[in-house]
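Enquirer: The compositional bias 'Basic and acidic residues' feature in TrEMBL is assigned to 293-310. Under the heading compositional bias 'Low complexity', TrEMBL lists 311-320. Marked as region 'Disordered' by TrEMBL: 281-320. The transmembrane segment feature in TrEMBL is assigned to 46-69, 81-105, 117-142, 148-167, 188-204.
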Amino acid sequence: MMESQPLQAATAESHGDGAAAADQAGAGAPPAVVPGKEFTRTCKGLVVVLIGGYVLLQLLPSSLNYLAIIPAKTIPFVWTVFTAGYIEQVLPGAIGSSLGLLFCGKDIEPVWGRKEFLKFIILINSICGVLAFCIAVALYYVTGKESFLVTPLSGFHGALAGFLVGLKQLLPNLELPMCFFWKIKAKWMPFFVMCFSTIMAFIVPDSINFLPTLLSGMYVSWLYLRYFQRNPLTGLKGDPSDDFSFPSLFPDAMRPVTDPVANMFDRMLCARSKTSEIALPVTDPTKASRRRERGERVLEERMAADHAADAEAPAHSAED
C-alpha cells in the first residue's frame, strides 16, 4: 500500500468527491485504505482500562479471582469470561498489549469506525474467554493435571491476534517492524505469530496458557471478518476475496492441507452468496488489481491536494 494521510471518518466525508473519482477510475474497486498516523481516543481509553486493570491487581491481588478465568470457579463466576480479556497480570503484558492496541488501532479504527471497532474487541474477547475455559477443562480431562483448572487465564492477546488478521485484510502490504531492521508484511503476521507462539509453548511451559487464546482470537476474528462483518469498503457482508481466504493465512506450500478446510468453511457459512457475486462481478484477479491500483492513485492524489490546500489556508490568513 502507498503511504498517505490516515483515512479518518471525517476525511471520508470531506473528501467524498475524491472517493467518487476513485470509484470512477477504479471501475468498482473499493476506496484505498491508508495507514493512520495518530492514536485514536478509543484506543487511548482502552489503554487506560488495561493499565487500570493491572494496577487494580497490584492493589487488590484477590480481585484476580473475580476478574480472570479460573476454570474451577468459572461456573459460579460466569462473568469472568467477559472480563478476563481486559486484565493483564504482569507489567510486560500490560505494556505490550497497550502498545499493540495503540499501533494497530490507529490503522483499523478509522476504517471500521468506533462502533464496529469496539464491537470487534468485545466479540473476540468474549468468544476467546469461552473457548479458553472449554480448552482448559478439556486439557484437564485429557491430562488429569489440576493446574489447568486453577491457573488464572486473562489478557488482551486474543484481541491483539484479531487485530493482526484485520491488518492483513485492510493493509496486507504494510510493513510492521519486528526488531532492529527486520520488518514483516502484515499479510504474514498472523502466520508468523502462530508459529512463534506454538514454538514458545514448548520452550517456555508457562506460555502454553496464552496459546489457546492467541489461536482462537486469530481464527474467530478471521471467521467474523470473512463471513459476518459488514465490510465498510464495499458495503457487503463479509469479505469473499481470494486475498482473504483461509489458505491466504498460510504459505502456498500448505495449500493441499488448507484448501479442503477453506472449502468446508465456504459450504458451512455460505461465503459466496449470490448477492456477493452480483455486487463483485470481477473474477479476473489481474483486472481487479489494476482497477484497485488506479483507484488508489486517484484517491491518494486528490487527498494530497486537499491536504495541501488546507495547509496553505492558515498561511494566507496570517498574511492578511
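Here the Cβ of each residue, glycine as well, is placed from N, Cα and C on the backbone.
Explain the structural surroundings of these features, please.
Expert: Residues 42, 46, 69, 71, 74, 80-82, 84-86, 105, 108-109, 148-149, 151, 153, 156, 158-159, 162, 166, 212-213, 216-217, 220-221, 224, 229 of the same chain, all 6+ positions outside the transmembrane segment (117-142), place their C-beta atoms under 8 angstroms from a C-beta of that stretch.
Within its own chain, the transmembrane segment (188-204) is flanked in space by residues 161, 164-165, 167-168, 176, 210-211, 214-215, 218, 222, 249-251, which lie at least six positions past its ends and keep a Cβ under 8 Å from the stretch.
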Enquirer: In the same chain, which residue numbers or ranges, 6 or more beyond the ends of the transmembrane segment (46-69), come under 8 angstroms Cβ to Cβ?
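Expert: For the transmembrane segment (46-69), the nonlocal Cβ contacts are 77, 80-81, 83-84, 86-91, 93-94, 97-98, 101-102, 105, 121, 129, 132-133, 136, 152-154, 156.
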Enquirer: Give the nonlocal contacts of the transmembrane segment (81-105) in its own chain as ranges (CB under 8 Å, at least six residues past its ends).
Expert: 39-40, 42-44, 46-47, 49-51, 53-54, 57, 64, 67-69, 74, 117, 121, 124-126, 128-130, 132-133, 152-160, 163-164, 166-167
